[in-house]
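Heads up, the thing below is written out as structure tokens.
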Amino acid sequence: MWFLILFLALSLGGIDAAPPVQSRIVGGFKCEKNSQPWHVAVYRYKEYICGGVLLDANWVLTAAHCYYEKNNVWLGKNNLYQDEPSAQHRLVSKSFLHPCYNMSLHRNRIQNPQDDYSYDLMLLRLSKPADITDVVKPIALPTEEPKLGSTCLASGWGSIIPVKFQYAKDLQCVNLKLLPNEDCDKAYVQKVTDVMLCAGVKGGGKDTCKGDSGGPLICDGVLQGLTSWGYNPCGEPKKPGVYTKLIKFTSWIKDTLAQNP
């Protein structure tokens, strides 16, 4: 939920209010076309709000703070504003927010010390299965803990200018390092818990930002996190981004999918 922590308006990815988090790619590069076929664009009506990942033909995983009653998704998009014949639109039939996510923070524009944005993940059941193609492919959940120091790739259409809210046209990628959670704990007064990951570049300049919430953090080729929250302006030195740690939630995800075939 890229709730930007200064101004973390849950604008991050579309949540009109989430405190300390914001998401967009800063200091990155244009992703190679169709190189992230699992990346999903999550909308509220016709408004882009967040990223997400395709888990299988029926399910998308995104951040809980991206929740709206009228979520829908586009799969296989590269350019956010162009019609692309290979892209697929799907309505969402049902949303499953993690039961421990604190919804009272969902639209709170004021962030407070010790606010806890843990459990920031949500499953979206598609109304019609996605067609799996060369440009629309699912990604597997992690089976092992990520290793500190791993090279991670984050992607999204979030703002590419730290102090200005302006979505990217083309899907952006950025390389980050997986850092100790202590680095994020020192950077923020909000809680950094064991269900979160800390990733960034110590000198700043590279980060996710507003609009990137819910998008993937892929470390050493494995999906390990979802963009959740961080500092505004994005990319500041000693202000890494915070991500939902997916290895902690694989059982909940698998159980939810199995119980809702």
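Glycine is no exception: its Cβ is also placed from the backbone N, Cα and C atoms.
Of the cysteines listed (CYS184, CYS219), Swiss-Prot assigns CYS184 as the disulfide partner of CYS198. For CYS234, the disulfide partner recorded in Swiss-Prot among CYS173, CYS209 is CYS209. Around ASP120 (active site, charge relay system), taking its Cβ as the centre, 31 other Cβ atoms fall within 10 Å, counting all chains. ASP120 (active site, charge relay system) and CYS50 (disulfide bond) have their C-alpha atoms 13 Å apart, to the nearest angstrom. Comparing Cα positions, CYS219 (disulfide bond) lies closest to CYS173 out of the recorded positions HIS65, ASN102, CYS173, CYS209, SER213. The disulfide-bonded residues CYS152, CYS184, CYS198, CYS219, CYS234 differ in how many other CB atoms lie within 10 Å of their CB, and the one with the most is CYS234. Same-chain residues at least 6 positions away in sequence with a Cβ under 8 Å from that of CYS173 (disulfide bond) are, in sequence order, ILE25, GLY28, PHE29, LYS30, CYS31, SER35, GLN36, LEU153, ALA154, SER155.
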